[in-house]
Amino acid sequence: MLAAMGLELVFSLLLLWTQGTQGSTLDPAGQHVCKGSSPSELQCCPGWRQKDQECTIPICEGPDACRKEEVCVKPGLCRCKPGFFGAQCSSRCPGQYWGHDCRETCPCHPRGQCEPATGDCQCQPNYWGRLCEFPCTCGPHGQCDPKTGLCHCDPGWWSPTCRRPCQCNPASRCDQATGTCVCPPGWWGRRCSFSCNCHTSPCMQDSGRCVCLPGWWGPECSRKCQCVRGQCSVTSGHCSCPPGFHGIRCELPCNPGHYGAQCKESCGHCELNATCSPVTGNCESCKPGWNGTQCKQPCPAGTFGERCTGQCPRCRLGEPCQAETGHCQHCDPGWLGHRCENPCPLGTFGKGCSSTCPACAQGTCDAVTGECVCSAGYWGTSCNSSCPAGFHGNNCSMPCQCPEGLCHPVSGTCQLGRHGKNALIVGILVPLLLLLMGIVCCAYCCSGTRLDPKDRPERNGAAFFRMKQQVWGALTNLGSALPCGSLSNYKLPWVTVSHHDPEVPFNHSFIEPPSAGWASDDSFSSDPDSGEEDEAHAYFVPPREEMVPMAQEESPEASLPGGSFPPPEDASTPFPIPRTSSLARAKRPSVSFAEGTKFAPQNGRSSGDLSSPIRKPKRLSRGAQPRPEGQEAEESTGPEQVNTEEDAPTATSSGDPATSHGQLPPGSQMVAECAETTDGGIQESSGSVATIYMLAGTPQKPEGPVWSVFRRLGNYQKDQMDPKVKSAIPKPLRRSLGRNQASAGSAPGAVLSQAMESTAVRPEETPRGLGDGIESSGTVQEPDAGGSSLEQDSQKQAEEKEQEEPLYENVVPMSVPPQH
C-alpha cells in the first residue's frame, strides 16, 4: 500500500516536471505537438505526454486507466503487452505474429521468429539475413553468422566453408583462414611438434630460440641477472640502470649535478646550485638569465634576470644584454655605465665619452655628435648669437606665433611691435591727459578770478602765496554757502579779535581756517615766504547771504546797479591789517587782538557797550605777545577822533550775547556765523565795540585727501604761475588809509559810491582773495568825504608801497540783518 502511494507520488511529480518543461523544449514539427494560447507557445496535444522534443507517450487515466498486464497505446486505449494476447493478456503470440495483442505478422516465418516487441527476426540455424532468407554454406563442421553469413569452423577444421582439416599437433590449433599451426607455450615447429628448452622461458615458434623472461639471461635463459635495479642483457648479463642510478648492478644513485641513464646527463642552471631531479633533470627554479624546466634555455633576446622578466637596456646597435645581469657589453656613443643609463659627463662626448667637447658659449655640446646644443634664445656653431627676429627656443628652431612676428627669444611670448607699442603708449597717455585736464579744470574752477598784478604783494614768493589764498578762499566760499554746522572733527583753540569803534558796528563771528593743515598754533599766520611775521596779517570773513548791511539798505548808493557794496561772495577778499600808526592817522577804529582769549559781555551788556571808545591799537605778534611800550608809543599818534556829525547805522543783535560765546561742536570746520551784537543802536556818547571770535590753531587730525591735493597743487603752481592782469574784470580803486585826520567823518557809503561812479565798476565784479589759512572779519573802511580823497589815493600809493603799509581791500561794512 505504501509502495503504491509512493509510486503514485513519484509519477505525479514527474508529470508536473514534464508539464513545466514542455513549453520550452518542444519541436514545432514533432509528433503530437500543438500551439498554445499564443502563437509562440507550444504544448503537447491533449492525451499525449512529452518525451524529449516530441509528445509520443499516450495518456490513459481515470476510467480509461490500463491494467497491470496492459499498456496504453493511444489516449484512452489499452492493449496487451507485446507478445501476449487474450482477455487476461496471458497467452503468447504464435511464431508468425508479434506486437500488441499479436496483431502484427512476422515476415521471418518459417525460417525464424520475430521479437515480440520490435519484430526483429531471429533466424534458425543454417539461415542468415535480415528476414532469414539466406541459407548457410558452412557444412557440418561450421556455423554461419546470422547477420553476416561468415562460417565459424569447429576446432581442427579450416577453410571458408570449414571443410578442410588442420595438420597441427592435436594440442594446437590452426589459423581458420590460412591453416597455419599456432603452437601453445613451450612448443615450436611447423606443426608444433617440438618442445622448447628455455627454462620456463618461451621460444620462437619458427626457430625454437629462447626468449628470456625478465631476470634471466643466457642462450637457454638459464642464468639469473644480478642487477639491483633495471634489467640485464639476455646475451651478456650486463645491467641496464634506470635513470638516476649507475653502477654494475645499478645500485648507486646519480651524483649531484647529474641525472638520467647511468647519470651521464648534467643538470641545467638551477638556482643557488640546487640539484636537479636525478631522473628527469628538472630544476625547481633557474638562475637569472635562464629558463625552461631543466634551466638549459637562455633568456630570449631583450630579456634578462630571474625567469627572464627584465627588459634589457639599450645597448649598442641593439645587441642583447647579458642574460644574467642585464649589463651591456658596449654602449651607444654618448652613454656610459653597465646598463648604458648614464650620459656622458659635461664636456665629453662620443664612444665611451672619450672625446672633449668644443667651447659652447650659451649651451652644451651633444653627447653623441659633439655639436653645440644652444640654450633657448641662442644659435650658431658656438651658441654665441642671439635668435633672429621671428624665432625662439633651443637653437632658435621654433618660429614665433605672433601677429607681428616678434616674440621673446627664450619663452616665445609675443612682444609688442611698433604698432603695439604705439597703442600701449596711447592707452597710457590718454587717461593721464584726461586726468590732468580734470585737475586743471578743477583748479581753475575753484580758484576764481585771479588778482591783478598790482594787487599782489611784492615780497619774494608772493605769487605762490596769493595763489594758495585763492584756492583756500574758493573752498571757504563753498563752505560759507552751507548752514551753520560742523563739516569735520577738528578741534581748534578760541581766538578773540576785538574792534573798538564808536561809529562802525561789527558782527560777532566764529571763524575757522579753511584748511586743517596749519603749520603752527599761531592765531594769525603771515606769509611763509616773506620772512616778516609781524606785518600784513591777512584775515578772511565769509559772509552770510541773509545778512544785509543796514548802510546798503538806507544809503542812496543802494540804487546803483549791483548796489554800492560788493556782493557777499566778494566780501571775502583778503585785506592786510593796518598798522596802529596808520589807524591813528586815518582815524580808523583801533583793533586789538588777544590770542587764546574769549571776550564776553559783562553785566548783561553786549560787546558793543565796552567801556572806552578810545583805545590804543596793539600790534599782534606771532606768539600773541604785546609789543614793547616804547614801540607802541612810537606808533601811536593819540586818541582817535570820533565823528559824531553823522548817524551811524543801527545795528541789531541777531542772537543772545550769551549764546554767541557757546562752544562749537567738536571738530567743527564750518564758519559758524552766529552774530552777536547789542540789542539797541550804538549811542553817540559811548563807544561801540564789535567782537569777532575766530577758530585757530593746529588740528588734532591730519589733513584730508582733498586739502592735501589742493595744497600740493599750490606747491606745483608756485613757480608756474605768472602774474597776469585780467582785463575782463576791472578792479575797484584801492582805498588807502588816510593819514590826515580831516578825512574822518564821512559816511562809509558816500565815498565808496563816488569811487564806483568814477570808475564805473560794479561792486560784484570785485575779485575775491584768499587768506593764508586764517579767516578774519573785515572791518569797515570809511573813505574820506569829498572829491579830494581819490586824488590823495593816487598820490600816496607809491609812498605806501615803499613803507609796506598794510591796506584794506574790498571792505564791506558788516551790519546786522534788519529786524523782522
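Each residue, glycine too, has its Cβ placed from N, Cα and C.
What Swiss-Prot says about this one:
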DISULFID  Cys60-Cys72  disulfide bond
DISULFID  Cys66-Cys78  disulfide bond
DISULFID  Cys80-Cys89  disulfide bond
DISULFID  Cys102-Cys114  disulfide bond
DISULFID  Cys108-Cys121  disulfide bond
DISULFID  Cys123-Cys132  disulfide bond
DISULFID  Cys166-Cys174  disulfide bond
DISULFID  Cys168-Cys181  disulfide bond
DISULFID  Cys183-Cys192  disulfide bond
DISULFID  Cys221-Cys232  disulfide bond
DISULFID  Cys225-Cys239  disulfide bond
DISULFID  Cys241-Cys250  disulfide bond
DOMAIN    98-133  domain 'EGF-like 2'
DOMAIN    304-341  domain 'EGF-like 5'
DOMAIN    353-384  domain 'EGF-like 6'
SIGNAL    1-23  signal peptide
TOPO_DOM  24-422  topological domain 'Extracellular'
TOPO_DOM  444-820  topological domain 'Cytoplasmic'
TRANSMEM  423-443  transmembrane segment
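Reduced to three states, the DSSP call for Cys166 (disulfide bond) is coil. Averaged across the domain 'EGF-like 2' (98-133), pLDDT in this predicted model comes to 87. Listed by sequence, the residues of this chain that lie at least six past the ends of the domain 'EGF-like 2' (98-133) yet keep a Cβ under 8 A from its Cβ atoms are 71, 73, 79-85, 89, 92, 143-149. Highest Cβ count within 10 Å among the disulfide-bonded residues Cys60, Cys102, Cys183, Cys192: Cys183. If you check the disulfide-bonded residues Cys60, Cys72, Cys108, Cys192, Cys221 against Cys66 (disulfide bond), the ones with a Cα inside 10 Å of its Cα are Cys60, Cys72. For the domain 'EGF-like 6' (353-384), the residues of the chain that approach it from at least six positions outside its boundaries are 332-336, 343-347, 392-397, 408-411, judged by C-beta separation under 8 angstroms. Within 10 Å of Cys78 (disulfide bond), counting C-alpha to C-alpha distances, fall the following of the disulfide-bonded residues Cys60, Cys123, Cys192: Cys60. Cys60 (disulfide bond) sits 21 Å from Cys102 (disulfide bond), taking the C-alpha atoms as the reference points.
A gap of 6 Å separates the Cα atoms of Cys225 (disulfide bond) and Cys232 (disulfide bond). For the disulfide-bonded residues Cys108, Cys121, Cys123, Cys192, Cys221, Cys232, a Cα-Cα cutoff of 10 angstroms around Cys114 (disulfide bond) retains Cys108, Cys121, Cys123. Reported as a whole number, the C-alpha separation between Cys221 (disulfide bond) and Cys80 (disulfide bond) equals 71 Å.
Cys108 (disulfide bond) sits 27 Å from Cys72 (disulfide bond), taking the C-alpha atoms as the reference points.
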